[in-house]
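A.B. asks: Please see the structure below; I have some questions.
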């Protein structure tokens, strides 16, 4: 990294695909960061929460293609040659296990593009490979690079066969025409080609800096270690992605819909939180202002007990009085898939019925709701917990089928 360069990441790239296909290992090869950080994740050997890591794309003009691209400022052609920093990138490592699909969907709301990881040593597609690709389509992510991983553990013939399986799988989908890069993430082979594809196929989208600032919260923490003296305690931290506008250190902010408070008689109300930004960080980089692009950690004056253990995931951050009112009822213009995805056996998607329970993914919020009205093209859903959203925002719809929440369609909020 070049010493004083404090550029924030410009783009969020999701890393998606079936469980054990090497997503976390790929992120480590691209960034040097192992995103599986929680004790339960390490014990089970799988990503449970969204993992984040910031990486860099360096380019040496003196090298050939694609070896001119590297995640580090080092050069193959000449150790003394200076590479230039093209971009900083935030990677969102989404869990590939079927029981964690809701977590993947909340991460998809933050993504500008995606790396779809497919292991060459298993037939393609696997159930969550299918489900994740449909999720990208539902959320509207068109910039996709396919990473054919684990080519080092298969024969040349199997690698070619796997490549053909991938081509057949993506035909007619949003990923048709996407580049397919064979790699060994474990041995860091062909990582330069992945970076070259990222530069070409996942551009930094235009950002609107003049609108009121808005951020989706996808993680929240208490960063104080046990035993920290009271005078050294710092406020709670919320992490996520800024969608529009600019946040600055010292800004007053509102977090909505806030936290659930039980009132006398057992009624639950949501109370918005108001606080001040004390710090802004992108990975190890501390900045005075943060714009869209990358995953930012906002330090606040909130009591850390409020933010610990992802308590505020699904909330939205804005300036006081500038966020829309939280909604407990949504009218959705919906579109159903033909078939349920993520299951080994194919099943038709039945029409949505009045009275049934659905799981809705709205931004980074995951909430359950009961269908109170079901028309041919429009449904109305009464939510268990309120959400902050905008007209025409996309919503992913899931239904409980054989004990698991399965993607069945998507919609636009009216």
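Easy rule for this one: first residue shown is 1, then count along the chain.
From the backbone N, Cα and C atoms, a Cβ is placed for every residue, glycine too.
Checked Swiss-Prot, it gives:
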DOMAIN    8-206  domain 'tr-type G'
REGION    17-24  region 'G1'
BINDING   20, 45  Mg(2+) 2 binding site
BINDING   20, 21, 22, 23, 24, 25, 149, 150, 151, 152, 184, 185, 186  GTP binding site
BINDING   24, 47  Mg(2+) 1 binding site
REGION    45-49  region 'G2'
BINDING   60, 63, 75, 77  Zn(2+) binding site
REGION    93-96  region 'G3'
REGION    149-152  region 'G4'
A.B. asks: When you measure from the Cβ of residue 60 (Zn(2+) binding site), how many other Cβ atoms are you left with inside 10 Å?
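C.D. replies: If we count other Cβ atoms within 10 Å of residue 60 (Zn(2+) binding site), we arrive at 20.
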A.B. asks: Which numbers of helix, strand and coil residues does DSSP report for the region 'G1' (17-24)?
C.D. replies: 2 helix, 1 strand, 5 coil
A.B. asks: Please report how many Å separate the Cα atom of residue 60 (Zn(2+) binding site) from that of residue 151 (GTP binding site), as a whole number.
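C.D. replies: Rounded to the nearest whole number, the Cα-Cα distance is 27 Å.
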A.B. asks: Using all protein chains shown, find which of the binding-site residues 24, 149, 184 scores highest when you count other CB atoms within 10 A of its CB.
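C.D. replies: Answer by Cβ density within 10 Å: 149.
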A.B. asks: Quick check for the class: what is the C-alpha distance, in angstrom and rounded, between residue 20 (Mg(2+) 2 binding site) and residue 184 (GTP binding site)?
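C.D. replies: Taking the Cα atoms only, residue 20 (Mg(2+) 2 binding site) lies 14 Å from residue 184 (GTP binding site).
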A.B. asks: Helix, strand, coil: count each for the residues of the region 'G4' (149-152), based on DSSP.
C.D. replies: 2 helix, 1 strand, 1 coil
A.B. asks: Closest of the binding-site residues to residue 63 (Zn(2+) binding site), Cα to Cα, picking from 22, 24, 149, 184?
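C.D. replies: When the Cα distances are compared, 184 comes out closest.
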A.B. asks: Work out how many Å separate residue 22 (GTP binding site) and residue 75 (Zn(2+) binding site) at their Cα atoms, rounded off.
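C.D. replies: Distance between the two Cα atoms comes out at 26 Å.
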